[in-house]
Amino acid sequence: MNALAATNRNFKLASRLLGLDSKLEKSLLIPFREIKVECTIPKDDGTLQSYVGFRIQHDNARGPMKGGIRYHPEVDPDEVNALAQLMTWKTAVANIPYGGAKGGIGCNPAELSISELERLTRVFTQKIHDLIGTHTDVPAPDMGTGPQTMAWILDEYSKFHGYSPAVVTGKPIDLGGSLGRDAATGRGVLFATEALLNEYGKGVSGQRFVIQGFGNVGSWAAQLISEKGGKVVAVSDISGAIKNSKGLDIPSLLEHSKKHKGVKGFHGGDPIHPDSILVEDCDVLLPAALGGVINRENANEIKAKFIVEAANHPTDPEADEILKKKGVVILPDIYANSGGVTVSYFEWVQNIQGFMWNEEKVNNELRNYMTKAFKDVKEMCKSHECDLRMGAFTLAVNRVARATVLRGWEA
(Lines of atoms letter the chains of each structure in order from A and count residues from 1; the text may use other names and numbers.)
(Lines give C-alpha, C1' and ligand atoms only; values in the text may rest on other atoms or scores of the structure.)
Protein backbone atom coordinates (compact mmCIF):
# COMPACT_ATOMS: atom_id res chain seq x y z
CA MET A 1 0.00 0.00 0.00
CA ASN A 2 1.49 3.37 -1.02
CA ALA A 3 1.72 6.43 1.22
CA LEU A 4 -1.42 8.09 -0.17
CA ALA A 5 -3.55 4.95 0.21
CA ALA A 6 -2.29 4.44 3.78
CA THR A 7 -3.01 8.07 4.75
CA ASN A 8 -6.49 7.94 3.18
CA ARG A 9 -7.19 4.67 5.00
CA ASN A 10 -6.21 6.13 8.38
CA PHE A 11 -8.26 9.26 7.66
CA LYS A 12 -11.35 7.23 6.77
CA LEU A 13 -11.03 5.04 9.87
CA ALA A 14 -10.75 8.18 12.04
CA SER A 15 -13.67 9.77 10.19
CA ARG A 16 -15.88 6.76 10.97
CA LEU A 17 -14.87 6.80 14.65
CA LEU A 18 -15.87 10.48 14.77
CA GLY A 19 -19.10 9.92 12.81
CA LEU A 20 -18.36 12.57 10.15
CA ASP A 21 -20.86 12.77 7.30
CA SER A 22 -19.72 11.78 3.80
CA LYS A 23 -19.80 15.34 2.38
CA LEU A 24 -17.54 16.72 5.11
CA GLU A 25 -15.26 13.69 4.78
CA LYS A 26 -14.91 14.29 1.03
CA SER A 27 -14.20 18.01 1.46
CA LEU A 28 -11.43 17.26 3.99
CA LEU A 29 -9.72 14.83 1.59
CA ILE A 30 -9.69 16.94 -1.58
CA PRO A 31 -6.67 19.31 -1.78
CA PHE A 32 -7.46 23.04 -1.66
CA ARG A 33 -5.21 23.72 -4.68
CA GLU A 34 -2.72 21.88 -6.90
CA ILE A 35 -0.14 24.00 -8.71
CA LYS A 36 2.12 22.91 -11.59
CA VAL A 37 4.51 25.35 -13.29
CA GLU A 38 7.24 25.24 -15.92
CA CYS A 39 10.62 26.56 -14.75
CA THR A 40 13.08 27.27 -17.59
CA ILE A 41 16.60 28.45 -16.76
CA PRO A 42 19.85 29.06 -18.64
CA LYS A 43 22.42 26.43 -17.63
CA ASP A 44 26.05 27.38 -16.99
CA ASP A 45 26.98 26.13 -20.48
CA GLY A 46 24.47 28.54 -22.09
CA THR A 47 21.80 25.95 -22.98
CA LEU A 48 18.20 26.26 -21.76
CA GLN A 49 16.67 23.58 -19.54
CA SER A 50 13.06 23.22 -18.39
CA TYR A 51 11.92 21.68 -15.11
CA VAL A 52 8.48 21.11 -13.61
CA GLY A 53 7.73 22.82 -10.30
CA PHE A 54 4.70 21.91 -8.21
CA ARG A 55 2.92 22.71 -4.96
CA ILE A 56 -0.01 20.88 -3.40
CA GLN A 57 -1.90 22.99 -0.87
CA HIS A 58 -4.10 20.58 1.07
CA ASP A 59 -6.08 22.49 3.71
CA ASN A 60 -6.19 25.96 5.28
CA ALA A 61 -9.13 25.68 7.69
CA ARG A 62 -6.89 26.12 10.77
CA GLY A 63 -4.41 28.62 9.32
CA PRO A 64 -1.79 29.10 6.59
CA MET A 65 -0.63 25.96 4.80
CA LYS A 66 2.79 24.60 5.78
CA GLY A 67 5.13 22.05 4.24
CA GLY A 68 8.47 21.33 2.63
CA ILE A 69 9.88 21.96 -0.83
CA ARG A 70 11.93 19.07 -2.18
CA TYR A 71 14.32 18.88 -5.15
CA HIS A 72 14.35 15.30 -6.39
CA PRO A 73 14.51 13.70 -9.86
CA GLU A 74 11.58 11.33 -9.27
CA VAL A 75 8.57 13.15 -7.95
CA ASP A 76 5.57 10.90 -7.32
CA PRO A 77 2.37 13.04 -7.33
CA ASP A 78 0.61 10.53 -5.04
CA GLU A 79 3.43 10.67 -2.50
CA VAL A 80 3.47 14.48 -2.52
CA ASN A 81 -0.33 14.50 -2.10
CA ALA A 82 0.00 12.11 0.85
CA LEU A 83 2.73 14.23 2.45
CA ALA A 84 0.67 17.43 2.02
CA GLN A 85 -2.29 15.71 3.68
CA LEU A 86 -0.01 14.32 6.39
CA MET A 87 1.10 17.88 7.20
CA THR A 88 -2.54 18.88 7.73
CA TRP A 89 -2.96 16.12 10.32
CA LYS A 90 0.51 16.63 11.85
CA THR A 91 -0.02 20.35 12.49
CA ALA A 92 -3.47 19.60 13.95
CA VAL A 93 -2.05 16.98 16.37
CA ALA A 94 0.64 19.46 17.47
CA ASN A 95 -2.14 22.08 17.80
CA ILE A 96 -0.25 24.71 15.83
CA PRO A 97 -2.35 27.02 13.59
CA TYR A 98 -1.46 25.59 10.18
CA GLY A 99 -2.79 23.34 7.44
CA GLY A 100 -0.75 21.10 5.14
CA ALA A 101 1.16 21.61 1.89
CA LYS A 102 4.06 20.01 0.00
CA GLY A 103 5.92 20.72 -3.21
CA GLY A 104 9.18 21.04 -5.06
CA ILE A 105 10.91 20.69 -8.41
CA GLY A 106 11.61 17.56 -10.43
CA CYS A 107 15.40 17.86 -10.72
CA ASN A 108 18.60 16.21 -9.48
CA PRO A 109 20.28 18.84 -7.27
CA ALA A 110 23.57 16.88 -7.33
CA GLU A 111 23.82 17.54 -11.09
CA LEU A 112 23.23 21.29 -10.81
CA SER A 113 25.76 23.96 -9.86
CA ILE A 114 25.06 26.38 -7.01
CA SER A 115 24.29 29.17 -9.49
CA GLU A 116 21.93 26.89 -11.47
CA LEU A 117 20.12 25.92 -8.26
CA GLU A 118 19.78 29.58 -7.35
CA ARG A 119 18.36 30.50 -10.78
CA LEU A 120 15.94 27.56 -10.64
CA THR A 121 14.76 28.49 -7.13
CA ARG A 122 14.23 32.12 -8.11
CA VAL A 123 12.25 31.23 -11.26
CA PHE A 124 10.08 28.82 -9.26
CA THR A 125 9.45 31.57 -6.67
CA GLN A 126 8.51 34.03 -9.44
CA LYS A 127 5.90 31.53 -10.68
CA ILE A 128 4.28 30.88 -7.27
CA HIS A 129 4.88 34.11 -5.28
CA ASP A 130 1.19 35.09 -5.49
CA LEU A 131 0.16 31.69 -4.08
CA ILE A 132 2.48 31.56 -1.05
CA GLY A 133 2.85 34.08 1.78
CA THR A 134 3.18 34.68 5.52
CA HIS A 135 -0.56 34.12 6.03
CA THR A 136 -1.21 31.87 3.01
CA ASP A 137 1.37 29.10 2.56
CA VAL A 138 4.75 28.95 4.32
CA PRO A 139 7.32 26.63 2.65
CA ALA A 140 10.25 24.95 4.43
CA PRO A 141 13.26 22.80 3.46
CA ASP A 142 12.84 19.14 2.53
CA MET A 143 14.82 16.52 0.62
CA GLY A 144 17.48 18.18 -1.56
CA THR A 145 16.88 21.69 -0.18
CA GLY A 146 18.14 23.58 2.87
CA PRO A 147 18.57 26.98 4.56
CA GLN A 148 20.25 28.47 1.46
CA THR A 149 17.26 27.50 -0.73
CA MET A 150 14.96 29.23 1.77
CA ALA A 151 17.18 32.34 1.68
CA TRP A 152 16.80 32.55 -2.12
CA ILE A 153 13.00 32.13 -1.87
CA LEU A 154 12.83 34.83 0.83
CA ASP A 155 14.88 37.25 -1.28
CA GLU A 156 12.95 36.64 -4.51
CA TYR A 157 9.55 36.81 -2.75
CA SER A 158 10.58 40.05 -1.00
CA LYS A 159 11.20 41.72 -4.40
CA PHE A 160 7.46 41.46 -5.04
CA HIS A 161 6.03 41.88 -1.54
CA GLY A 162 8.62 43.75 0.57
CA TYR A 163 10.87 42.13 3.17
CA SER A 164 8.93 39.11 4.47
CA PRO A 165 11.06 36.84 6.69
CA ALA A 166 8.02 34.78 7.79
CA VAL A 167 7.27 33.59 4.23
CA VAL A 168 9.56 30.57 4.74
CA THR A 169 10.99 28.72 7.73
CA GLY A 170 14.23 26.75 8.08
CA LYS A 171 16.17 29.88 7.09
CA PRO A 172 19.78 30.67 8.02
CA ILE A 173 20.03 32.21 11.52
CA ASP A 174 21.33 35.47 9.98
CA LEU A 175 18.08 35.88 8.02
CA GLY A 176 15.66 35.20 10.87
CA GLY A 177 16.05 31.44 11.28
CA SER A 178 15.32 30.03 14.74
CA LEU A 179 17.89 28.67 17.15
CA GLY A 180 17.24 24.98 17.84
CA ARG A 181 15.69 24.33 14.40
CA ASP A 182 18.45 21.95 13.25
CA ALA A 183 17.91 19.58 16.19
CA ALA A 184 14.14 20.13 16.42
CA THR A 185 12.80 16.91 14.83
CA GLY A 186 15.31 14.73 16.69
CA ARG A 187 14.65 16.57 19.97
CA GLY A 188 10.92 16.17 19.40
CA VAL A 189 11.48 12.42 18.93
CA LEU A 190 13.24 12.36 22.33
CA PHE A 191 10.37 14.21 24.05
CA ALA A 192 7.81 11.94 22.36
CA THR A 193 9.75 8.83 23.45
CA GLU A 194 9.98 10.13 27.03
CA ALA A 195 6.22 10.77 27.11
CA LEU A 196 5.50 7.25 25.81
CA LEU A 197 7.90 5.47 28.17
CA ASN A 198 6.59 7.46 31.16
CA GLU A 199 3.15 5.94 30.48
CA TYR A 200 4.71 2.54 31.17
CA GLY A 201 6.67 3.64 34.24
CA LYS A 202 9.95 3.73 32.32
CA GLY A 203 12.47 6.38 31.34
CA VAL A 204 14.96 6.72 28.48
CA SER A 205 17.86 5.81 30.79
CA GLY A 206 18.79 2.14 30.57
CA GLN A 207 16.54 1.38 27.59
CA ARG A 208 18.16 -0.17 24.49
CA PHE A 209 17.56 1.72 21.23
CA VAL A 210 18.02 0.79 17.57
CA ILE A 211 18.00 3.66 15.06
CA GLN A 212 17.47 3.07 11.33
CA GLY A 213 18.72 6.16 9.53
CA PHE A 214 21.56 8.40 10.73
CA GLY A 215 20.78 11.62 8.87
CA ASN A 216 19.66 14.81 10.61
CA VAL A 217 16.80 13.22 12.59
CA GLY A 218 18.46 9.90 13.46
CA SER A 219 21.81 11.41 14.48
CA TRP A 220 20.23 14.10 16.69
CA ALA A 221 17.91 11.52 18.28
CA ALA A 222 20.91 9.23 18.97
CA GLN A 223 22.92 12.07 20.52
CA LEU A 224 20.08 13.30 22.74
CA ILE A 225 19.01 9.78 23.78
CA SER A 226 22.58 8.85 24.75
CA GLU A 227 22.90 12.10 26.75
CA LYS A 228 19.79 11.00 28.69
CA GLY A 229 21.37 7.62 29.51
CA GLY A 230 19.72 5.58 26.76
CA LYS A 231 21.83 2.82 25.22
CA VAL A 232 21.96 2.98 21.40
CA VAL A 233 22.92 -0.59 20.43
CA ALA A 234 22.66 -0.42 16.62
CA VAL A 235 22.39 2.20 13.87
CA SER A 236 22.31 2.16 10.08
CA ASP A 237 22.48 4.60 7.20
CA ILE A 238 22.98 4.45 3.43
CA SER A 239 26.63 3.35 3.89
CA GLY A 240 25.95 0.34 6.14
CA ALA A 241 24.99 -0.74 9.67
CA ILE A 242 26.82 -1.33 12.96
CA LYS A 243 25.99 -2.91 16.29
CA ASN A 244 27.40 -2.99 19.81
CA SER A 245 25.23 -4.74 22.40
CA LYS A 246 27.00 -2.80 25.19
CA GLY A 247 26.02 0.48 23.54
CA LEU A 248 27.69 2.54 20.81
CA ASP A 249 29.86 5.54 21.70
CA ILE A 250 27.61 8.11 20.01
CA PRO A 251 29.96 11.18 20.16
CA SER A 252 32.72 9.10 18.47
CA LEU A 253 30.22 7.71 15.94
CA LEU A 254 29.00 11.21 15.06
CA GLU A 255 32.60 12.30 14.49
CA HIS A 256 33.29 9.20 12.33
CA SER A 257 30.08 9.66 10.34
CA LYS A 258 30.89 13.30 9.59
CA LYS A 259 34.46 12.48 8.53
CA HIS A 260 33.67 9.36 6.45
CA LYS A 261 30.17 10.35 5.27
CA GLY A 262 28.52 7.35 6.93
CA VAL A 263 28.66 4.90 9.83
CA LYS A 264 30.46 2.19 7.81
CA GLY A 265 33.90 1.33 9.16
CA PHE A 266 33.27 2.59 12.70
CA HIS A 267 35.58 0.61 15.00
CA GLY A 268 33.37 0.89 18.07
CA GLY A 269 30.89 -1.67 16.75
CA ASP A 270 30.53 -4.78 14.58
CA PRO A 271 29.24 -4.45 11.01
CA ILE A 272 25.84 -6.08 10.36
CA HIS A 273 23.65 -6.35 7.25
CA PRO A 274 21.57 -3.15 6.89
CA ASP A 275 18.41 -5.22 6.28
CA SER A 276 18.73 -6.79 9.74
CA ILE A 277 18.73 -3.46 11.63
CA LEU A 278 14.95 -3.45 12.13
CA VAL A 279 14.91 -6.93 13.71
CA GLU A 280 17.80 -6.40 16.14
CA ASP A 281 17.00 -7.06 19.79
CA CYS A 282 16.08 -3.78 21.56
CA ASP A 283 13.46 -2.05 23.70
CA VAL A 284 12.76 0.88 21.37
CA LEU A 285 13.05 0.91 17.56
CA LEU A 286 13.34 4.27 15.79
CA PRO A 287 12.84 4.09 12.00
CA ALA A 288 14.23 7.48 10.93
CA ALA A 289 14.82 7.01 7.19
CA LEU A 290 12.42 5.96 4.43
CA GLY A 291 8.73 5.05 4.31
CA GLY A 292 7.41 1.49 4.10
CA VAL A 293 10.43 -0.16 5.74
CA ILE A 294 8.34 -2.11 8.28
CA ASN A 295 6.11 -4.42 6.29
CA ARG A 296 4.47 -7.86 6.43
CA GLU A 297 7.78 -9.50 5.43
CA ASN A 298 9.68 -8.35 8.53
CA ALA A 299 6.96 -7.38 11.07
CA ASN A 300 6.89 -10.83 12.70
CA GLU A 301 10.67 -10.70 13.27
CA ILE A 302 10.68 -7.34 15.08
CA LYS A 303 11.78 -7.72 18.71
CA ALA A 304 11.26 -4.14 19.93
CA LYS A 305 8.54 -3.46 22.51
CA PHE A 306 8.06 0.12 21.29
CA ILE A 307 8.35 1.68 17.82
CA VAL A 308 8.71 5.47 17.56
CA GLU A 309 8.10 6.58 13.97
CA ALA A 310 10.74 9.26 13.41
CA ALA A 311 10.28 8.92 9.60
CA ASN A 312 7.09 9.50 7.60
CA HIS A 313 5.03 6.34 6.84
CA PRO A 314 7.67 3.81 7.98
CA THR A 315 5.04 1.17 8.88
CA ASP A 316 2.71 -0.45 6.32
CA PRO A 317 -0.92 -1.04 7.43
CA GLU A 318 -0.41 -4.86 7.18
CA ALA A 319 2.61 -4.58 9.49
CA ASP A 320 0.56 -2.39 11.83
CA GLU A 321 -1.95 -5.21 12.31
CA ILE A 322 0.76 -7.85 12.85
CA LEU A 323 2.59 -5.70 15.41
CA LYS A 324 -0.63 -4.83 17.23
CA LYS A 325 -1.35 -8.55 17.70
CA LYS A 326 2.20 -8.99 19.05
CA GLY A 327 1.58 -6.24 21.61
CA VAL A 328 4.12 -3.82 20.13
CA VAL A 329 3.25 -0.18 20.92
CA ILE A 330 3.66 2.18 17.94
CA LEU A 331 3.97 5.94 18.39
CA PRO A 332 2.76 7.31 15.02
CA ASP A 333 4.67 9.65 12.72
CA ILE A 334 2.07 12.43 12.76
CA TYR A 335 2.90 12.93 16.44
CA ALA A 336 6.41 11.48 16.89
CA ASN A 337 8.20 13.56 14.24
CA SER A 338 6.21 16.78 14.62
CA GLY A 339 9.07 18.55 16.48
CA GLY A 340 10.42 20.00 13.23
CA VAL A 341 7.20 21.69 12.14
CA THR A 342 6.56 22.86 15.73
CA VAL A 343 9.89 24.74 15.83
CA SER A 344 9.17 26.01 12.31
CA TYR A 345 6.02 27.50 13.84
CA PHE A 346 8.16 29.11 16.57
CA GLU A 347 10.39 30.59 13.83
CA TRP A 348 7.33 32.01 12.05
CA VAL A 349 6.04 33.51 15.32
CA GLN A 350 9.44 35.09 16.06
CA ASN A 351 9.60 36.58 12.54
CA ILE A 352 6.09 38.06 12.79
CA GLN A 353 6.85 39.54 16.22
CA GLY A 354 10.32 40.70 15.20
CA PHE A 355 11.50 39.29 18.53
CA MET A 356 13.88 36.30 18.58
CA TRP A 357 14.02 33.68 21.35
CA ASN A 358 17.06 32.09 22.94
CA GLU A 359 17.65 28.36 22.41
CA GLU A 360 16.55 27.42 25.92
CA LYS A 361 13.11 29.00 25.34
CA VAL A 362 12.76 27.19 21.98
CA ASN A 363 13.57 23.81 23.56
CA ASN A 364 11.32 24.40 26.60
CA GLU A 365 8.38 25.40 24.41
CA LEU A 366 8.97 22.35 22.21
CA ARG A 367 8.86 20.09 25.28
CA ASN A 368 5.60 21.74 26.38
CA TYR A 369 3.97 21.24 22.97
CA MET A 370 5.13 17.62 22.60
CA THR A 371 4.02 16.72 26.15
CA LYS A 372 0.59 18.36 25.74
CA ALA A 373 0.05 16.70 22.33
CA PHE A 374 0.78 13.26 23.82
CA LYS A 375 -1.81 13.86 26.56
CA ASP A 376 -4.36 14.96 23.92
CA VAL A 377 -3.68 11.81 21.85
CA LYS A 378 -4.09 9.61 24.94
CA GLU A 379 -7.44 11.29 25.73
CA MET A 380 -8.71 10.41 22.23
CA CYS A 381 -7.47 6.82 22.71
CA LYS A 382 -9.58 6.58 25.86
CA SER A 383 -12.64 8.24 24.29
CA HIS A 384 -12.64 6.03 21.18
CA GLU A 385 -11.00 2.90 22.63
CA CYS A 386 -8.31 2.85 19.94
CA ASP A 387 -4.53 2.61 19.55
CA LEU A 388 -2.14 5.57 19.42
CA ARG A 389 -2.23 5.87 15.61
CA MET A 390 -6.01 6.13 15.55
CA GLY A 391 -5.91 8.36 18.65
CA ALA A 392 -3.63 10.80 16.78
CA PHE A 393 -5.68 10.67 13.57
CA THR A 394 -9.02 11.17 15.36
CA LEU A 395 -7.53 14.11 17.29
CA ALA A 396 -6.25 15.69 14.05
CA VAL A 397 -9.32 15.04 11.89
CA ASN A 398 -11.65 16.27 14.66
CA ARG A 399 -9.72 19.56 14.99
CA VAL A 400 -9.69 20.19 11.22
CA ALA A 401 -13.36 19.15 10.83
CA ARG A 402 -14.44 21.48 13.68
CA ALA A 403 -12.54 24.41 12.14
CA THR A 404 -14.07 23.65 8.73
CA VAL A 405 -17.62 23.58 10.14
CA LEU A 406 -17.10 26.69 12.29
CA ARG A 407 -15.93 28.62 9.23
CA GLY A 408 -19.05 27.50 7.33
CA TRP A 409 -17.09 25.61 4.69
CA GLU A 410 -18.75 22.21 4.99
CA ALA A 411 -20.34 20.99 1.75
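Cβ atoms are placed via backbone N, Cα and C, with glycine included.
Bear in mind that the values here come from a model prediction, so they are computed numbers and not experimental data.
What TrEMBL says about this one:
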ACT_SITE  LYS102  active site, proton donor
BINDING   LYS66, LYS90, SER344  substrate binding site
BINDING   THR185, ASN216  NAD(+) binding site
SITE      ASP142  site 'Important for catalysis'
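Put simply, of the binding-site residues LYS66, LYS90, THR185, ASN216, SER344, the one whose Cα is nearest the Cα of the residue listed as 'active site, proton donor' is LYS66. For LYS66 (substrate binding site), the Cβ neighbour count at a 10 Å cut-off comes to 29, with all displayed protein chains included. Within the same chain, residues at least six positions away from THR185 (NAD(+) binding site) with a Cβ under 8 Å of its Cβ are ASN216, VAL217, TRP220, ALA310, ASN337, GLY339, GLY340. Across the structure, ASP142 (site 'Important for catalysis') and SER344 (substrate binding site) are spaced 13 Å apart at their Cα atoms. Excluding LYS66, LYS90, SER344, which define the substrate site, the same chain contributes GLY67, MET87, THR91, ALA94, ILE96, TYR98, GLY100, ALA140, SER338, GLY340, VAL341, THR342, TYR345 within 8 Å (Cβ to the Cβ centroid), listed in sequence order. Within the same chain, the residues at least 6 positions away from LYS90 (substrate binding site) whose Cβ sits under 8 Å from its Cβ are GLY100, ASP333, ILE334, TYR335, ASN337, SER338, VAL341, ALA396, listed in sequence order. Most buried of the binding-site residues ASN216, SER344, judged by other Cβ atoms within 10 Å, is SER344. Taking every pair among LYS66, LYS90, SER344, the residues recorded as binding substrate, the greatest CA to CA distance is 13 Å.
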